[in-house]
């Protein structure tokens with residue numbers, strides 16, 4: 001376990017940008033491989049970064065029994081707690097309650113914690129949340145409540161919230177208005193829930209200006225059509241999507257990254273990808289495509305395409321690169337075609353004329 005002062009110093013540098021959480025403290029490491037880290041990033045508002053003044057030492061004697069308290073961080077993980085502990089200092093900015101046995105969040109559990117910035121409730125047994133449980137948390141920006149027993153999105157989330165991690169619960173429905181008033185929200189991770197397309201009520205995401213949304217490992221059979229138009233990253237991997245029809249991507253013209261790997265996609269209708277002029281990275285691996293999707297040469301900013309583990313048998317000389325010179329502005333730095341029944345020795349070298357170098361192309365290793 002790292003010293004708490006080190007963890008807090010990392011948090012002070014944290015921005016609410018997308019990442020793939022592998023552990024609790026990973027949210028402080030916002031430059032991981034899973035996200036963009038330059039001007040192509042998700043465009044998150046960095047005003048949510050902790051003020052350095054807010055992590056100066058505190059000398060409050062208040063600390064729940066068994067917890068560790070330092071630099072306005074209260075760490076009460078892995079203690080077998082049945083409920084939110086009392087005697088939490090009102091100047092606390094980060095409260096860690098992960099890996100406990102908490103089953104309910106009551107009305108006054110967070111009373112007086114008006115300075116709380118991050119609340120971690122990952123891997124508990126929470127199935128019930130009082131409608132006013134989060135009311136005192138007027139400055140809360142990060143709420144991690146994944147791996148619990150929730151059957152619905154918590155009501156009355158703080159309007160200050162920037163990032164919500166609620167994956168691996170039992171949520172089947174996203175009702176209209178559940179995110180009402182959350183104008184600061186830019187990142188939602190809600191994969192690992194048994195969500196079907198019919199579970200999203202019309203207007204469920206109205207008012208949100210999300211940069212990042214992940215609904216992976218669910219039961220989607222198609223791309224939802226009513227998600228925020230502001231999205232830069234959309235991850236729908238590990239679902240049951242079978243096709244991309246012409247207008248499925250019409251409203252998502254600002255996407256930088258689209259993740260559709262590990263689905264059952266057999267068909268991508270011609271012209272579907274033309275609605276994504278700013279796309280940089282496309283994941284279509286582990287599907288059932290029989291050919292390279294049409295329209296890739298017209299995506300001038302596209303740099304990475306994952307097509308491995310499909311049923312592609314032929315790669316044409318103009319499947320990736322436009323004809324002529326000076327048309328495509330960005331060169332590819334990654335094309336994966338391995339584990340496809342492509343006779344790669346028949347592919348013409350000119351097929352990859354707009355690729356940075358030959359090491360960016362991955363072929364072969366096909367097994368029936």
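Quick reminder: no glycine exception, Cβ is built from N, Cα and C everywhere.
Those TrEMBL annotations? Automatic predictions, nothing curated.
Here the structure is a predicted model, which means the values were calculated and not measured.
The signal peptide feature in TrEMBL is assigned to 1-16.
Per TrEMBL, the feature domain 'LRRNT' maps to 62-94.
TrEMBL lists 63-69 (among others) with the feature disulfide bond. A sphere of 10 angstroms centred on the C-beta of residue 63 (disulfide bond) encloses 18 other C-beta atoms.
The Cβ of residue 67 (disulfide bond) has 19 neighbouring Cβ atoms from other residues within 10 Å, across all protein chains displayed. Summarising the annotation, TrEMBL assigns disulfide bond to 67-76 (among others).
Annotation source TrEMBL lists disulfide bond at 321-354 (among others). In the shown protein chains, 17 other C-beta atoms lie within 10 A of the C-beta of residue 354 (disulfide bond).
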Residues that sit under 8 angstroms from residue 76 (disulfide bond) by C-beta distance, when 6+ apart in the chain: 64, 66, 67, 68, 85, 95, 96, 97, 100
Residue pair residue 321 (disulfide bond), residue 69 (disulfide bond) - Cα distance, angstrom, rounded: 57
Distance, residue 63 (disulfide bond) to residue 354 (disulfide bond) (CA atoms, angstrom): 60
